[in-house]
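Here is the structure we will look at.
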Amino acid sequence: MVVKVKQKIPLKIKRMGINGEGIGFYQKTLVFVPGALKGEDIFCQITAVKRNFAEAKLLMVNKASKNRVKPACSVYETCGGCQIMHLAYPKQLDFKDDVIRQALKKFKPTGYEQFEIRPTLGMKKPDHYRAKLQFQLRSFGGTVKAGLFSQGSHRLVPIDNCLVQDQLTQDIINKITQLVDKYKLPIYNERKIAGIRTIMVRKAQASDQVQIIVVSSKEVRLARFIGELTKAFPQVKTVALNSNCSKSSEIYGDETEILWGQEAIHEEVLDYGFALSPRTFYQLNPQQTEVLYGEVVKALDVGSKDHIIDAYCGVGSIGFAFAGKVKSVRGMDIISEAIEDAQKNAKAMGFDNAYYEAGKAEDIIPKWYKQGYRADAIIVDPPRTGLDDKLLKTILHYQPKQMVYVSCNTSTLARDLVQLTKVYDVHYIQSVDMFPHTARTEAVVKLQKRV
């Protein structure tokens, strides 16, 4: 390496990396610079030197890109929650198309150069879209603040006005910090592993109902806190306590108890209503979830004689879009609370052809096949880690005729397509901008078994 830590260098940014950073070459050394844009001439300082590349901090933009904009967020450069707010929104969508291409080029699944990559579907108003927040609580000079850890650190950045957060959820978390201060509730101490560490606030777009989870290392007295909070915000319908005594960075512990209110809030997507209990997963951008699930519906050509497996089904929201038009829908999820919600939701909607079971897809699917169940199509919506190796082998063994892969991580998607394209043809990839101003995107992939 010809560069050293703390060295200041000029740099021409040639392209954007998958995490939104600018990439340039300094005397044949690859340099990653967060905050820099393609085409810019910058001045930066080396912060880390690795075996094959270096990382740098942006000091000055000598020649700015015409696509650079001033972020409206006051904590954008310190928070780390968003990575590309300084890039004009239409160009953010182009960037996300390119991220998919970069991932495919890296992993090279069969036929990737001929894949149809459709333009990313964006939002008309890409602000205040997050219907869920998970903020950490810490004490600053005796005053309680809520926010996010700065990227790569345990330094909390207080946030009282997040540009991408739903305004009601932001107002509620601001009130919560005031009440935690007022009632002297214990704040998390990393050394003692004690106190309130995280607050989750989620709003259902269809009903404006709100649920809250207080994550604490031990039981805390919240009666007066709950009384004043629910009086100030009647939209709050559920307050739950999650016990987490772990030293790890895991947000939640295993036990969640509802302290006040109803068990679930009501949400809707594609004209289907369903219940969400506090610990169940649901997409955090309700507006774009309509778009995303609509693309899943378009991608499957199924009819009244077909059977569908909905892997990683959550509360069943994707499968319900098909339950009224197919012979059966079966789903599974490792979170038992989600399966309980899915079962209740199916019953409430009168879908007696929908069946849900708690457990791992790679264990349950072979069991169903041994019992005689044959899926014509499978939908997978895995976490960022992608498909489990055992599940990949299971899919390739049983080979449903159609498959839709919903991905929230283009790298693991491209990796999994290396295996899937041994049996399936990729008809197209349609990305949906679920997370404006971040480097992340969601993609719907239509696959058909090769004849």
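Even glycines carry a Cβ here, placed using N, Cα and C.
From the candidate list Cys162, Cys245, the residue Swiss-Prot records in the [4Fe-4S] cluster site shared with Cys73, Cys79, Cys82 is Cys162. Record note: Swiss-Prot gives Gln283, Tyr312, Asp381 as S-adenosyl-L-methionine-binding, and the candidate from Asp271, Asp333, Asp363 in that site is Asp333. Of the candidate recorded positions, Tyr312, Asp333, Asp381, Cys408, the one lying closest to Cys82 ([4Fe-4S] cluster binding site) when CA atoms are compared is Cys408. A separation of roughly 32 Å, to the nearest angstrom, links the Cα atoms of Cys162 ([4Fe-4S] cluster binding site) and Asp333 (S-adenosyl-L-methionine binding site). Rounded to a whole value, the Cα-Cα separation of Asp381 (S-adenosyl-L-methionine binding site) and Cys73 ([4Fe-4S] cluster binding site) is 31 Å. Here the domain 'TRAM' (2-60) is broken down by DSSP into helix, strand and coil counts: 0 helix, 36 strand, 23 coil. Each of Phe281, Cys313, Gly314, Ile318, Pro382, Val406 belongs to the same chain as Gln283, Tyr312, Asp333, Asp381, is absent from that list, and has a C-beta within 8 angstroms of the C-beta centroid marking the S-adenosyl-L-methionine site. Mapped onto three states, the DSSP output places Asp333 (S-adenosyl-L-methionine binding site) in strand. As a whole-number mean, the pLDDT of the domain 'TRAM' (2-60) in this prediction is 96.
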